[in-house]
Structures are given as C-alpha cells and as structure tokens.
Amino acid sequence: MKVVISSNNRTTHSHTSKSSAHHHQGISLTTSRKTSYINGDFSTSETTIDSMGGQFCSYANGKVVEISEDGFCPEQTLLNIKWPRTAAGQDAIMPCPSGSNMAFRECNSYPVCWEESHNINNCISRQIRDFLSEATPELSNGTNKDKVVVSKKLADVTSQRKMSVEDYVTASKFFKSFSNSLDFSSKPKKETVDSIVTDVVQIGNNLMSEDQAKAFDNMTKHEVVESASNLMSSVDSATMKLVNAIDEPRLIVKKTKNIEAQLQVLNVDKLEEPEISFQSEGNSFALPSENLRSISKDGLAKVVFVTYNSLPDLMPTIKTGTPDVQKDVKIYSKIISASVANYHGEVLREPVEFSMEHTKPLLTHVKPRCSFWNMTANTRPYWSQRGCKMINSNIYQTKCRCNHLTNFAILMDVEGIEISYTHQNALRIITYVGCSISMIGLFLSWITFNVVTAIRGERNSIHKNFVFCLFVAQLLFMIGVDRTKNKMVCSVFAGLMHYFFLAAFSWMLMEAAKILIMIVQVFKTAKSKMIYYYIFGYGFPTLVVSISAIVNLDGYGTDRHCWLSTENYFVWAFNGPVAFVLLVNAIILTYALITIYQHSGYVIPDDMVGTIGAWVKGALSLEVILGLTWVFGFFYMNEATLVVAYIFTILNSLQGYFIYCFHCLGNKQVWKEYKRFLKVKEKSTSGTSTKTASVTRKPTDAANYEMAAPNHNKQ
C-alpha cells in the first residue's frame with residue numbers, strides 16, 4: 001500500500017489563545033487551546049503541560065492522548081484507515097477503505113498529536129456528496145420550511161442502500177448538526193412539528209437498521225461506542241427541542257422497528273394521577289407528577305420518552321471499573337431515554353421507577369445492574385450506576401429506581417470477574433509454567449508410548465493419539481487463549497482449541513471402549529478395531545466443530561477469552577459433547593470394574609484380571625483428571641470466582657504431568673524398560689559393549705491379549 005506524506009498545504013483557519021497558567025495543589029499546569037475548522041467540522045484540541053514535563057492533548061470528545069516527544073504522530077487506526085507514523089506539520093494521505101480515492105489527516109506541529117478529525121470527503125459516495133451540497137445551504141437558512149425539507153431529505157438518503165463506513169459517519173454527523181439546529185426562531189405549525197418528529201424518528205431508525213449498522217463492523221470498539229452515543233444524543237436532542245416548540249397539551253407517539261418515541265406536553269394544574277407512565281413492549285417507566293410540578297414552566301410540563309430497541313445490539317462488550325479492576329458488562333435490555341424540559345441533571349424530588357425486560361433469560365452467573373449512559377462528564381461517555389439501585393429482579397426482567405433522568409438500561413455484570421492485575425499476572429505465570437510442565441509430561445508420554453515395545457498394541461495407539469491431541473490443545477491454550485485483540489485470530493484459536501480438546505476427550509472414550517471390548521471379547525484373534533477408533537477419535541470432533549461453525553461462526557472468540565461464547569448457549573457446543581463423553585466413559589468403566597470383581601474365568605483369564613483392573617483404574621484416574629478440570633473450566637469460562645480461576649488454571653496446567661505419572665511412571669513394564677535403558681546407557685559409557693538389541697523385549701501377555709494382529713503396533 002502506498003503511503004504519501006505531504007506538506008501541510010490545506011486552508012486551515014486556526015486560533016490559538018494565550019497560554020494560561022494554573023496552580024493546583026502545588027502542580028503547575030500550562031494550557032493552550034487550538035480550534036480548527038476543516039471541511040465544515042470544528043475540531044478542538046487542548047494542550048496541558050504539567051510541572052513534570054508530561055504533555056497531553058485533550059480533544060473535545062474527552063479523548064486524551066500523550067503528546068509525542070520525537071516530533072512524530074504515532075501510527076493509529078481510525079475508521080478502518082491505518083494512519084502511518086507522520087512527522088509534525090505534515091499530512092498523511094491514505095487510500096479510502098473503498099479504494100476509490102484518498103483521505104488525509106494532519107499531524108499538528110504544536111502540540112505534536114493527530115488532529116482529532118480526518119478529511120474523508122473524498123471517500124464518501126456521490127449520493128451523500130450531492131445530498132450535502134443541497135442540504136447544507138438549506139440548513140444554514142434556518143427557516144422552518146427549510147428544516148422540514150432537510151429532515152425529509154436526510155430520512156430519504158439514510159433509507160437507501162447499505163452505506164459505507166464513510167457515508168455512515170458523514171450522515172450521522174449531519175444528523176447531529178441538524179439536531180443542534182432545531183431552535184425555532186418563530187413558532188412552528190403543528191404540521192411542521194409532526195413532520196419533523198416523524199423524520200427524526202425515521203432517521204434514527206434508518207441509522208440503527210441492521211443493514212446500515214454493518215458500517216460498525218469497520219470501526220474500532222471506541223468508534224462504535226462513540227457513534228452509538230452520538231446517534232442517541234442526536235435523537236434525544238432533536239425530540240426535546242421539538243417538544244419545546246409545542247405550547248399546548250399534546251401527545252405525539254411515533255413507532256418504528258428500532259425506535260419508539262413519545263412526546264407529551266401536560267398541564268401540571270390538571271395532573272390528577274400520581275405519576276405519568278410510558279409503556280413499550282415489556283418495558284415501563286413511571287415519572288412521579290411531583291417532579292413535573294417542580295420543574296414545569298408556565299404551567300406546562302414537557303416530557304420525552306424514547307426507546308432504542310436495537311441500539312444495545314450495536315454496542316460491544318464494555319469494560320468498566322478502575323484501571324486495577326476491570327469488569328466486562330453487556331447490555332441486556334433495550335435503552336430507554338427519559339427527558340423533561342428545564343431539567344438539568346439535578347436530583348429529583350421523587351425517584352423514578354422503571355421495569356425493563358431482559359433481552360434473554362438471566363443466567364445464574366450474572367447479576368443485573370441498573371445503569372445510565374453518562375454523557376454529561378468531560379470524558380468519554382460511559383455507563384454508570386450512580387443514583388440508581390435495583391428494587392427486584394427475576395430471570396425475565398429487572399425493576400430499578402433512580403434519582404435522576406437520562407438514558408437507562410440493564411447491564412449484566414458477570415459475577416466474579418473482578419481480577420486485579422496482580423492475580424492476572426499470577427494466573428498467567430501459573431499457566432505458562434504449569435502448561436510447560438504439562439506439555440513436557442505429554443511429550444515424554446508420547447515418546448514412551450512409541451519407544452517401549454512391551455506396551456505396544458491398540459490401547460497404546462489410543463494413548464499416543466490422546467496425548468498428541470491434548471498436547472496440541474494445551475499448546476494452543478497457552479499461546480492463544482488471551483489473543484483477543486484480533487477477532488479473526490481469536491476465532492481461529494478458539495476453533496482449534498474446541499477441536500483438539502474434543503479430540504482428546506474422544507480418544508479418552510476410545511480407551512474405555514477398548515477395555516470394554518477386551519472384557520467381553522471371547523476370541524483373542526478378533527479383527528482390529530483401530531480403524532473405528534480413528535473414525536470416532538477424529539471424526540466426532542470434526543462433526544461437532546463443523547456444525548458449530550456453520551450455525552454460529554461468530555460464537556468463536558469473546559472479548560475476554562479466545563474460547564466459545566456464552567451467548568445463545570453456544571459454549572454448550574463444547575460442554576454438551578464433553579458431558580456426554582464423561583457420562584458414557586463413567587458408565588463403561590463402572591461396568592468394567594464390576595465385571596472384573598465378579599469375573600468368570602470363561603470371560604477373563606485369572607492371570608489377566610489384575611492387568612485389566614489396573615487399566616480400568618488408570619482410565620478412571622484420567623476421567624477424574626479431565627472431568628474435574630473442565631467442571632472448573634465451565635465455571636471459569638462462564639466468569640466464575642477468583643478461586644475457581646486458580647483451581648482451573650492449576651488443574652489444566654498439570655494434566656500432562658499427572659498423565660505421565662499414571663500411565664508411564666506408574667507402569668511396571670515401563671519402569672523395567674527405563675531401568676534396562678539406564679543400565680545399557682551406563683555400560684555403554686563405561687566402555688562395555690552391549691548390543692542395543694538386548695533392550696528389545698517381547699510384548700507381555702497383557703499386550704498379546706489385546707489381539708495379536710501385526711498392525712496393532714501402528715499408531
């Protein structure tokens with residue numbers, strides 16, 4: 001890709017105020033402000049220099065970035081455009097995502113940081129460009145008639161085909177400008193208000209539609225949240241200004257697929273009910289009349305309720321909390337906005353109450369949080385619970401009480417994920433060290449199964465495939481479970497781990513099947529079943545993973561782990577097969593133990609009872625190790641407690657070590673071969689000529705009993 005860095009030759013009108021010095025708690029802060037007007041968009045950046053020499057660039061939207069000290073703006077991705085490292089005072093010119101034209105962005109000379117906005121005018125479609133050329137002059141005229149014309153044009157252009165990310169951002173910015181312009185210099189007609197309300201709701205509905213919102217796929221999480229917040233703010237602002245233009249009691253209700261709006265003007269002197277209510281498909285909002293009386297003007301209370309039906313689906317998992325403790329939260333309800341004219345965020349005389357239906361039944365490992373979208377702070381918008389508390393909740397809905405008005409939603413805070421950086425680092429160290437030990441154990445087991453001839457046979461081949469699959473699964477887990485930054489890479493790791501962990505469980509079941517066959521097998525010369533073991537051992541996980549990927553490919557990889565998502569119970573694509581394998585395995589091994597201790601010499605020769613019994617106990621130990629590990633793994637991946645996180649991490653890290661102990665170090669035949677190998681090694685180093693052929697031993701009777709077929713020795 002060609003990157004062009006050009007001199008700053010654009011026409012930029014800027015104003016830099018005099019620097020001002022501030023003193024706060026003994027720390028000197030010097031601030032300067034730069035305001036630029038580029039392509040119809042204001043961008044303000046403020047430079048703060050503290051007494052320690054640190055410099056930060058604060059943008060109007062609350063974003064703060066550290067100023068570069070080497071005279072270059074750092075590489076940055078914005079709206080799917082990867083801006084390269086650029087020298088101060090120059091423009092970076094990059095191809096538009098569509099590849100049709102070029103976009104450019106300024107690296108400021110002072111302070112040395114990227115301009116907040118970037119010029120994507122060349123990237124937008126001709127349709128949007130034509131709309132802007134027509135609507136911008138009409139909007140600047142400011143007449144009520146022009147506002148009606150512009151709102152209809154914007155509703156029409158946003159209802160067209162799926163827009164590119166550049167078109168979407170441009171249309172959203174214009175919608176925000178339009179909302180800000182809805183201050184009527186003269187009283188609008190009733191028809192004018194009705195028309196613009198209809199268009200505003202339709203514009204919001206269009207921009208939140210499934211087709212148009214696909215533009216969010218090409219944005220970063222921060223850009224998605226910012227776009228969704230601006231969209232919500234535009235609708236709230238426009239509807240409030242429109243209800244303010246009404247000076248008589250009225251009720252306007254507009255419903256679309258993605259937005260429902262209710263604008264209401266009431267005469268407070270005639271309010272008889274203790275509260276006014278708003279109902280919207282499973283959601284209800286109660287606003288005490290006393291609040292309206294206290295903040296009404298000229299005897300009229302003007303109220304707006306807006307329900308955003310699909311907006312929560314567009315906003316990703318959000319991390320909240322302090323820098324040391326992070327929480328993952330998801331929106332589990334629609335978003336309801338409640339606004340009253342002349343209300344400025346103060347604590348209400350009487351708290352409001354609302355009930356919100358969950359978008360899906362509440363699981364036991366999550367708890368609801370009554371939250372509001374805080375857009376008033378001088379920072380990026382964020383979800384907060386200040387002034388809100390939960391009254392009651394069940395699996396289907398939650399009832400809340402808050403002492404203020406704004407945009408409300410129910411967030412699901414996943415229980416027990418308050419893991420500090422200290423614990424995160426400890427768990428990471430345990431994972432790396434433990435998995436390394438585990439993989440060493442698995443590797444030694446695999447070598448042993450291949451080298452020691454005394455234990456060769458079908459069961460040995462099953463063991464080799466089992467440890468191979470578990471080795472690969474743990475390697476993938478160690479290097480890939482935290483690679484959540486790249487969704488595609490994360491999904492690949494999740495899919496591969498899904499396959500190899502299932503394959504390991506499948507081969508564990510094949511060992512139980514092999515033991516069962518040996519117990520009920522009457523004739524020792526029966527044909528080999530190895531081909532069937534391979535079909536199930538690798539075919540079963542292939543079938544499960546293939547169906548899972550077809551049904552829900554997006555379920556692979558989450559914001560927290562590269563594993564299966566708990567959304568829509570997708571994680572049961574792993575939990576279900578594992579539970580099935582563990583159950584069948586336990587039944588077979590229990591039957592095997594009962595049969596051995598109540599054996600008949602006609603079924604199992606007396607000299608083989610001890611050997612097969614040892615195999616059954618070894619298989620049971622394997623069942624316990626893997627089963628116990630993934631019982632804790634189920635709770636851990638579903639956001640359980642810190643204790644469970646430690647238990648799962650330790651058990652998962654030591655599986656290979658336990659397997660090596662049980663199946664190799666605990667095997668007398670293997671020990672004999674180890675000792676014989678060490679003796680041969682000792683004689684060889686002392687100069688004694690010992691033929692290595694003497695190491696080779698005949699398979700034992702137990703191995704012969706497996707079925708003396710020559711291809712049993714193959715993996």
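Just so you know, glycine gets a Cβ as well, placed from its N, Cα and C.
Any TrEMBL annotation is an automated prediction that lacks curation.
Predicted, not measured: the structure shown is a model, and the values here were computed from it.
Copied over from TrEMBL:
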- 1-31: region 'Disordered' (REGION)
- 1-11: compositional bias 'Low complexity' (COMPBIAS)
- 12-25: compositional bias 'Basic residues' (COMPBIAS)
- 427-667: domain 'G-protein coupled receptors family 2 profile 2' (DOMAIN)
- 429-453: transmembrane segment (TRANSMEM)
- 465-481: transmembrane segment (TRANSMEM)
- 493-510: transmembrane segment (TRANSMEM)
- 531-551: transmembrane segment (TRANSMEM)
- 571-594: transmembrane segment (TRANSMEM)
- 615-637: transmembrane segment (TRANSMEM)
- 643-666: transmembrane segment (TRANSMEM)
- 683-715: region 'Disordered' (REGION)
- 685-696: compositional bias 'Low complexity' (COMPBIAS)
* Asked: Quick one: do the transmembrane segment (465-481) and the transmembrane segment (571-594) have at least 3 Cβ pairs under 8 Å, skipping pairs fewer than 6 apart in sequence?
  -> no
* Long-range neighbours of the transmembrane segment (531-551), counting only residues six or more past its ends (CB under 8 A) -> 458, 461-462, 465, 469, 495, 498-500, 502-503, 506-507, 509-510, 513-514, 564, 570, 573, 577
* So what's near the transmembrane segment (643-666) in sequence-distant terms, Cβ-Cβ under 8 Å and 6+ beyond its ends? -> 416, 419, 423, 427, 430-431, 433-435, 437-445, 448, 463, 467, 470-471, 474, 477, 618, 621-622, 625-626, 628-629, 632-633, 635-636
* Segment-level pLDDT (mean, integer) for the domain 'G-protein coupled receptors family 2 profile 2' (427-667) -> 80
